[in-house]
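> Pasting a structure below so you can have a look.
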Amino acid sequence: MAPRNFSHVTEFILVGVSDIPELQVPLFFVFLVIYLLTATGNLGIITLTTVDSRLQTPMYFFLRHLAVINFGNSTVIAPKMLVNFLVSKKTTLYYECATQLGGFLVFIVAEIFMLAVMAYDRYVAICNPLLYMVVVSRRVCLLLVSLTYFYGFCTAIVVSSCVFSVSYCSSKTINHFYCDNVPLLALSCSDTYLPETVVFISAATNLFFSMSIVLVSYFNIVLSILRIRSAEGRKKAFSTCASHMMAVTVFYGTLLFMYLQPQTNHSLDTDKMASVFYTLVIPMLNPLIYSLRNKDVKDALKRFMKNPCNSFKSL
């Protein structure tokens, strides 16, 4: 029986977004602004959709949880990243790294399927409006959101356990700004076939099923909109899903750019730039996408700004 491999590494070194010393302070302020905007925007969405009585529909219930996921994902990544811009020794402890990877996987997988759930919600709202509150009932909403978080948690446990089941010996410099699957496995001094297979199957399966739900939902939505005879009716139907379509396009476009690159052009540096986008930039953009194009959210913000105390009393 072969002896079990044990990791000899107690900490890792994160290269960060850039290893150029002159860029560390400017990048710190850039990403600090991005994180503050992300926190403000997503906490704002969570607050408005919780306290405003006119935003208590399934669509805003799912939007609230997308904001929770976006805030969680950026908070798992950004604080450690910001600290590393200002210190010379950019280290992360072994178990700290494993925890960060697990947290990232929980939220990124949850986001993938929350977007699919929101696409299904828009499909029912446009294609079966009379049955909307029956099909997407409060119980169904809670079930869909609970399953999304539960599946994200299960995926994180399985994948991160596989990644940290291999041995890490002398090499401990991670070419990334957080602990991610691929750059971690690149450092292993043992066989990585099993964890690489698990990571690939998990990513491919998640993308395939979530994108299938989104594409089928929007295919039926487009068909329903085309059947509407009046231009005003088509415009109103399209406006209810325009924000979500934009968010889905940006998110899946980034993931597909990363995973569908030709192997000859693929590099960890390219992955790093794509990761900046879907871990930090997209969570900042989503509140803007859903609020600037949404009259209900803008009206709710105005009501809240006029009388915030009254909004909390209504809870």
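Keep in mind that glycine also has a Cβ here, set from the backbone N, Cα and C atoms.
Here the structure is a predicted model, which means the values were calculated and not measured.
Feature list, courtesy of TrEMBL:
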type: DOMAIN; residues: 41-290; note: domain 'G-protein coupled receptors family 1 profile'
type: TRANSMEM; residues: 27-49; note: transmembrane segment
type: TRANSMEM; residues: 61-81; note: transmembrane segment
type: TRANSMEM; residues: 101-120; note: transmembrane segment
type: TRANSMEM; residues: 141-168; note: transmembrane segment
type: TRANSMEM; residues: 200-226; note: transmembrane segment
type: TRANSMEM; residues: 238-261; note: transmembrane segment
type: TRANSMEM; residues: 273-292; note: transmembrane segment
> Taking the transmembrane segment (200-226) as reference, which of 27-49, 101-120, 141-168, 273-292 has the most Cβ pairs under 8 angstroms?
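That would be 101-120.
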> Residues of the same chain, at least six outside the transmembrane segment (273-292), with any C-beta under 8 angstroms of its C-beta?
17, 31, 34-35, 37-38, 41-42, 44-45, 63, 66-67, 70-71, 73-74, 77-78, 104, 108, 176-178, 180, 243-244, 246-247, 250-251, 254-255, 257-258, 298, 301
> Could you give the mean pLDDT over the domain 'G-protein coupled receptors family 1 profile' (41-290), rounded to a whole number?
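When the pLDDT values over the domain 'G-protein coupled receptors family 1 profile' (41-290) are averaged, the result is 91.
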